[in-house]
Each structure stands twice: as C-alpha cells, then as structure tokens.
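K.L.:
Have a look at this one.
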Amino acid sequence: MESYLAELNDAQRAPVLQKDGAMIVIAGAGSGKTRVLTYRIAYLMSKGVDAFNILSLTFTNKAAREMKTRIAKIVGNSEAKNLWMGTFHSIFAKMLRFEADKLGYPSNFTIYDTQDSQRLISAIIKEMGLDKDVYKYKQVYSRISSYKNSLITVKAYFQNPELMEADAMSKKPRLGEIYREYVDRCFKAGAMDFDDLLLKTNELLNRFPEVLQKYQNRFRYILVDEYQDTNHSQYLIVKALSDKFQNICVVGDDAQSIYAFRGANINNILNFQKDYDNVQMYRLEQNYRSSKNIVEAANSIIEKNKTRLEKVVWTANENGPRIVVNRLLTDGEEGRFVAGSIFENRMEHQMKNGDFAILYRTNAQSRAMEDALRKKDIPYRIYGGLSFYQRKEIKDVLSYLRLVINPKDEEALKRVINYPARGIGQTTIDRLTIAANHYKRSIYEIIENLDRIDLKINRGTKTKLENFINMVKSFQIMNETADAFTIAETVAKKTGLLQELKKDGTPEGIAKIENIEELLNGIRDFVEEQKELADVTGSLTEFLEDVALATDMDKDSGDDDRVALMTIHLAKGLEFPFVYIVGMEEDLFPSAMSMSTRSELEEERRLFYVALTRAEKKAFLTYTQSRYRWGKLVDAEPSRFIEEIDDKYLDFMIPQDDYKYKPLIDTDIFGEVDKSKFRQTKPSSGTPPPSHKPTEEQLQKLRKLRPATSPGNSASAGEVIKLMAGDEVEHMRFGKGKVLSIEGAGQDKKAEIDFETGGIKKLLLKFAKLKLLN
DNA sequence: ACCGTGCCTATTTTT
DNA sequence: TAGGCACGGT
C-alpha cells in the first residue's frame, strides 16, 4: 500500500508524511510537485481521512482530472470519486449552486463568460449615453473585475472616496454607476460572472456562520496548487475554510507567478508563514525535467529578479545541448525556420510531433507558425485563442440552451432573439430593454407580459415575440423529459440555425455546420457518461456549467500526435522535449505594455523562466529583424532576455558579436537551400556542451518522463479501437472493467462493459477513451 | 428591418 | 490584416 512512498526523494517525502498542520511547499520547476500532492492525498486517505473531507484546488480542471486518476490508481476508484478536486471556479460554482437561495440567486444561475460580461458592459455604457472612446468597455470590465477580486462591492466602492477619486481622475467619474448597473443586471438575469463565483463565495461564508462551519467541518484537509497565482478573493476563501482545523498545504513557486495582471497576489505565497501558526516550510529543489544546461540557464535569468524566495534549483540530469539562438528576417521566416527545424529534429532524433512545442507571448503570433507548419504538412494543435466554445455558431446554440435553463439570462436572449432573423429588430429590443430596466424585470418577463404594458409595439412584432417565447417554452417542456443531446439537436434544427448556415453555402458556413455537429457529438458523449453516473442529475445544467468553466486545456481532443502551439501562460505546468520560444523581441517579449514598472518587468522575466523550463531536452530562441504587427512591417530588436542568459549556455546560429544587426545568411529561400549553412555554429567560450545525438537509453529516459498515456494504446477521439468480448479495459472515469459484448458498427459501435466499481455500462466507442489492458 | 459596404481599430497574457 | 461595427440605401 505504501510502496509509493519509495518513489519519492527525501525532500518530497517529508511534506507527504506530515499529516496535520499548516505547510508550504516551495517547488521549483520540474521538481515533482504534482507527485507530492497526489501522494499526500493518497497518504491522508491511507491514514483514515475520508475523501469527503479533502478539498484540493488546482489551476486547471485538467490537472485535477489527472491527479484524480493517479490517486484512483492508488486508493481505488470508488474512494477517489469522493474527493472535491478542481479549480477554484468550478468547486465554488458547485458549492454556490447548493447555497444559491441564501444569496437570492436561483440554483440554476447562468455563468457569464468574459464575452457576455463585456457585451453587457458595452450595452450599459451605450444606454447611459457615455462616450465609448472614454469608457472603453474592456477597460471598464477589467476595472470592475479587479474590484471584485479585491472584494470591493458596489457599496464598498461608494464608501471609498479614494477609489471614486481615482476613477474620476482617469476621466471616468461614472464608473461606479456602471459598476452598480452591471451588478444589478447580472443579478436580475440570474447570472454570475467569473469573479462573482469567488466574490459570492466569500459573501456566503462571511454572512452565514452556519454555512461556513458546515464547510469548515467538511473540508478538514485543504490543498492548494499553484498558490503563487491566487488572488485576494481566493486567498480569503482558503483562509476562511481552513481557519478551524488549519490543516492546509499550499504548493507553489514564486518564480512562476505570472498572473499578477489578473489580480494574482504574489504576497500570498511570500507571506504564507505569517498567516498560520507553526508553518512548516519544505523546498523541492531537484529538477527532474530538464537538462543541466537548461536548468542553469533558467537560474541565471531568474537571479535578475529582486523579489523572490531563496531557492536553488539543480539537477542530476545530463548536460544536454546548449540553447539555440537564431535570428530571422521576418515572422514568416521565423515560422519556416521553426517548421524546418522541427522536421529535422523529428527525423534525426526519431521524435513524435507531440514532443515539440512552440511557445509565444501573444496569440497573434500563432498565424505565421501555422502557415509554415501547414506548408510542411506537420500536424499541429493550437491551444487557447478563440476557444471552441467561444465561436459564434457555438455560442449561438449554447445561448438557446442557456435560455432553456434560465430564461432570464439577458445576454443569451439578446444574442438569439433575432438570430436567425425573425423580424425582431433593434428598436423593439431597445424598447424591451428600457421597460425591463424600468420594471426591474428581465426582458423575458416583459415579453411574457406584453399585453399588460403599453410599449408601442405593433401587432405583427408582438406575434413574432410570442412565437419566440413559445419556442423557448417548448424546449423547456422537452427538457423535463429528454436529455441534453436531444434538446440540443432539436434546438439546432428548430431554431433554423443549421438552415441559416446551409443556405449561405460558403466554406466558412460549412465549417460552422461541422462545428455545431462537433458540439452535438460532444453533448452526446457527455450525456452518455452522465447517464451512468448515479450522483449527477440535470444534465443540461451540468453540461452548461462544464462548458462555461472549460478551458482549451481541458478538452483534450485525444492525444493524437501533434505539435503544440500555445502562449507561455498556457504552457505552465506542461513539459516537452523540444521547445521553441519565438518572438524574442523587445516590445513583444517583454511586452511593451509591461515595461513601465519593475514589478511588471519581473513578471515578464518569470514568464520567460516558465517558458524555458518547459523544455526537457533542447530549447530554441528565435527573433526577427522585422515583423508584421498591426498589418505593418515593424522593425524589431532582440529581447533583453537573450542578453541576460550567460553566453556559455547559448549556441548562436549567427555571429555572436553581431547578433543584433546583420543576418549571417539569406534565409529567404530556407527550405530549398542547402541546410548545411544552418549547421554552422560559432564556437563560443566556455566548455562546449556535448551536442550529440541522444542514445537509445537517453531516449527511453525521455519517454519515461512523458505522461503514461502517450505510448499506450488508448483510442483518440473519433478512432474506434478494436475490442472483443472478454477484453480487459480501463476507462479514465470508471476504472477497470471487462467487455461483455459489442454491438453496432463503425461510428456507432458500442460496448457493454462491466466495470469493477461502477457496474455495467454501455459506452459509445467513438467517445469512450478506453485503454486495452490485455 | 435587413443587408451590404467601407471604415476603423486592435495585440498581452485567462479562469 | 482581419474582423467587428456603424451607417446608409433599399
């Protein structure tokens, strides 16, 4: 049972074995912190702590899922299922649904995403007749967001002359009014935004001592991952919940704090020791991920920061090759170089596409990379950016579904009341909005009572409105008996959404139809799984919540073999053998927006630290001489971060003394040209790192570091694995089981499986991620 | 009320 | 460069 303890080094074992009390684990990059968290939870359970009494907060839902799976392997699936594990937002959304009535919210409240919030704010600014160039909705949104994250409610705002003055000084004296209106409108719509999920949790715990007690008693052991990225609101929640038992374990790395821009407070981790009695501090300093060269280069960067906790990350790994630095003429060339280099390295070292990542500072940089990869037929996957659920056609379908659950949802209603066009124009909507504000009701309620209010809306339009309402109602009735998939399918057809796209006929329209179909498939998959889980109910509500809080990282579209493209922020917590950090230029990285203060610049530096430490084997830094920005070719200068790394860790592909100015070779026709030109590297001072081909042994080691899922035979999405009755399989959620029978064929192939813990279930093979065991 | 054209602005990062 | 939005014509 406790054999897993042997898999830990001494530093890792210590925090695992301390059962009670407050502790902080400062975990350097790649030092195995997830392992510590996982085993700590397993250990607690082995010492008799009930899974129901453990709360574990992670940064992404994906991290939570993976940890749960690993824990399930140790303690068994049925036990692991009872753990509360997830992001702050998802855990407390769940809690708020239980307690919603206390705060005056319906338990089926909507969660507004950033887009919904911004649209609403935009509408409010317009309604108030304010100048949209002064009151920029994005700015207003982030201002309101930061108030909420600091627990400054509307009331608190108006009691604080300093804040009001500050806003007045920045020429926005009416910001408070916008804030108030925004909050009112959200409440009226039965909606919470992302920040509300934390703010309202605080309110709940503060205002209702019996609720606080209930959850304090429930969550006797609390673990928080990525503690350096918690904001004030999250900090207070953790503090309140852990106050009674003080069994709290936080894990983090101040050197990897990269979310100050959205309110994360690095002091939460720096001051943790003052917040609790007898805090034990542990340090994980051995890096298992990266080569010595990378670890040391990263150390040399982070040393430039002043605010940090003392810690020395070291590794016993081999030296590894130096970090390659290359300059290209334009961003197009940069893309071609990276694609070419990936192609070569993949051959030379016999790696998979999935072993490569391209990291950038801003999403806009992905385009040049995509173009180049596509030309070379290298499969890739972009994470982040416009996520699937934010696409217009998807949000349209989801908006109808949201209305089914919560017809007061104003943003959803405004989105689809006239899409597809049904003759309800802006004038009508304006009148309804004014009436809704006047009567302090939702627009939906106004429409329901049209006959009782005189709104100068003509007969024809009234009929159209009634038809719309009746359609939504028919979906609601359906929702009482049918499952989410059936409803979603009906919505797509009956609202005319699909028809609208079909008749447009353009390639974009077709792509949109395919996206909607993908969404429907996803819902069907979701329903299949939910139906078999006894503890989950109202699946449409559940689905919408999942969607609202899903990130791009969460929906892994199978682990098919693709190069990963993402921002550095998204890459936190991940690792790849080969990492390309592109756009290493002043004003881009560090960003022009983040160079005015020391702390901003330090955050950029930590971001670079995070980027570099994602690499296991080899890292590449590229920059250009000019790059397309805002549609114009703009001159660029190499990033100061390149200079900050000691030369002995770098391998310049261009004359080093000259690296700022002239290209060594004309890269215009790279790809056609003799690539030996690129091989030449200037011998630089210091010990030349062995730049060798990895031995088979080393490759094996590399592979061992990869998540266990990659080499296995688990099926990726869409690919139906070959199964026969009698096969032993494993399911991510349900654990081990035996195939009883197979039915259907092709895409509809299903298997009846007897799971050890969950009983007999029928799964659609196309979606069920099954792993063959025998 | 709808649709098309042309203009303007955006690029920092995300739950 | 591209997508979103406003305005004007029908």
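Heads up, the Cβ atoms here are built off N, Cα and C, so glycines get one too.
Per TrEMBL, ATP binding site is recorded for A:A27, A:G28, A:A29, A:G30, A:S31, A:G32, A:K33, A:T34. TrEMBL lists A:6-291 with the feature domain 'UvrD-like helicase ATP-binding'. Residues annotated as domain 'UvrD-like helicase C-terminal' in TrEMBL: A:292-573. As annotated by TrEMBL, region 'Disordered' applies to A:677-717.
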K.L.:
Return the count of C-beta atoms lying within 10 angstroms of the C-beta of A:K33 (ATP binding site), excluding that atom itself.
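P.N.:
Step by step: centre on the Cβ of A:K33 (ATP binding site), count other Cβ atoms within 10 Å, giving 22.
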K.L.:
For the domain 'UvrD-like helicase ATP-binding' (A:6-291), what is the mean per-residue pLDDT, to the nearest integer?
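P.N.:
Looking only at the domain 'UvrD-like helicase ATP-binding' (A:6-291), pLDDT averages out to 93.
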K.L.:
Return the single residue from the binding-site residues list (A:G30, A:G32) that has the minimum number of other CB atoms within 10 Å.
P.N.:
A:G32
K.L.:
Using all protein chains in view, find how many other C-beta atoms are within 10 Å of the C-beta of A:S31 (ATP binding site).
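P.N.:
Looking across every protein chain shown, the total is 26.
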K.L.:
Which chain neighbours of the ATP site, leaving out A:A27, A:G28, A:A29, A:G30, A:S31, A:G32, A:K33, A:T34, have a Cβ atom within 8 Å of the mean position of the site's Cβ atoms?
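P.N.:
Apart from the listed residues, the neighbours are A:D253, A:L284, A:N287, A:Y288, A:R289.
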K.L.:
Three states by DSSP: which one describes A:K33 (ATP binding site)?
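P.N.:
The residue in question, A:K33 (ATP binding site), is helix (DSSP, three-state).
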K.L.:
By Cβ count within 10 Å, point out the most packed of the binding-site residues listed: A:A27, A:A29.
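P.N.:
Answer returned by the neighbour count: A:A27.
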K.L.:
Could you say whether, by DSSP, A:G28 (ATP binding site) belongs to a helix, a strand or a coil region?
P.N.:
coil
K.L.:
Between A:G28, A:T34, which of the binding-site residues has the fewest other CB atoms within 10 angstroms in the structure shown?
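P.N.:
Relative to the other binding-site residues in A:G28, A:T34, A:T34 has the fewest Cβ atoms within 10 Å.
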